[in-house]
């Protein structure tokens with residue numbers, strides 16, 4: 001555990017997440033095992049370094065912290081190395097030679113081996129006219145070499161360094177032109193001024209290098225964010241394609257259900273009309289029989305008439321029972337079809353809402369807008385088809401035509417209104433025919 005604790009502060013490259021800084025190694029409350037707290041340096045984490053109200057480490061952003069099981073990142077932590085962040089902020093003063101010779105400041109630019117930088121870094125050193133008084137800036141060159149591994153050279157920083165060095169050269173040139181061999185005090189002043197200017201130049205260079213590291217860090221963060229967002233865009237596109245396929249399948253299924261529903265409705269309407277016609281005809285026959293019996297004031301107690309009426313009554317009751325059964329059956333099927341249609345409509349609406357919620361933000365927005373427009377046009381077409389089918393279903397119902405004319409007097413005995421007797425009708429009554437010689 002100590003070897004992991006010593007690596008706190010190092011940077012590790014986590015697969016599928018990017019670069020992060022190790023900031024905690026140890027247990028976490030309510031969780032079994034050891035965990036590593038990593039700051040992902042961007043808002044792509046799950047917390048701010050705290051869990052269940054307890055703070056474990058500080059993060060750069062509110063949602064850049066992440067807890068990972070130690071065994072999953074142990075190999076990454078062991079391979080990581082703690083980067084050297086300390087820099088030299090001071091420089092040793094230049095030694096003044098005993099012969100008080102003029103120190104000249106010359107810039108020698110040497111390219112650094114940085115494959116990422118398009119422009120080589122610049123280093124400078126101080127040389128004397130005499131070889132015994134030469135002093136190089138090796139420490140500062142080593143500082144440049146430590147910083148060059150981070151890449152991404154800053155052009156503005158180089159311009160500022162060049163301006164400082166050019167001012168130093170001008171100052172030294174003026175000092176050289178104004179120097180006189182017998183003025184030792186002036187040489188000391190010029191040497192101290194050169195030393196101060198060199199220190200200021202070094203501080204400025206280090207400040208610019210810190211800015212450069214900061215900019216590189218920001219660029220790395222943006223790159224990681226883009227790498228994390230790209231899979232999300234890919235998932236959005238795949239989800240949109242799946243939703244389009246589901247919508248097409250639901251449209252086909254909905255169209256098929258509507259056709260079947262229209263056919264069943266037409267069939268049940270025709271059957272219902274036929275039953276209503278038969279029932280109304282039977283009711284009319286019953287009324288005619290009742291009126292006829294009342295008009296003649298004759299009891300209907302004859303056995304044959306009673307049996308016939310009972311049979312007719314039973315037939316009417318059976319027909320009414322069948323009618324009620326068909327009516328209830330039709331009502332149930334109509335409710336089932338309605339519920340099925342409502343469920344399909346709700347599912348279609350839910351899929352449309354889900355498609356709206358999963359739209360991406362960049363280049364996919366135009367495709368989502370076009371898909372939304374197509375969905376709206378499809379909904380309008382579906383509404384128009386429903387209205388057209390409802391109108392055609394009502395207008396195209398067939399008129400009931402019985403297969404054969406119904407004889408209202410079928411199965412009844414003949415009755416003569418002239419002589420008020422049974423056995424013959426009025427046209428065949430012998431009392432009504434004057435040419436009949438049987439009666440006189």
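Placed from the backbone N, Cα and C atoms, the Cβ positions cover glycine too.
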Annotation phosphoserine per Swiss-Prot: which of the candidates 110, 117 has it? 110
Of the residues 95, 123, 192, give the one that Swiss-Prot describes as phosphoserine. 95
Looking at the candidate ranges 8-57, 108-157, report the one that Swiss-Prot labels region 'Disordered'. 108-157
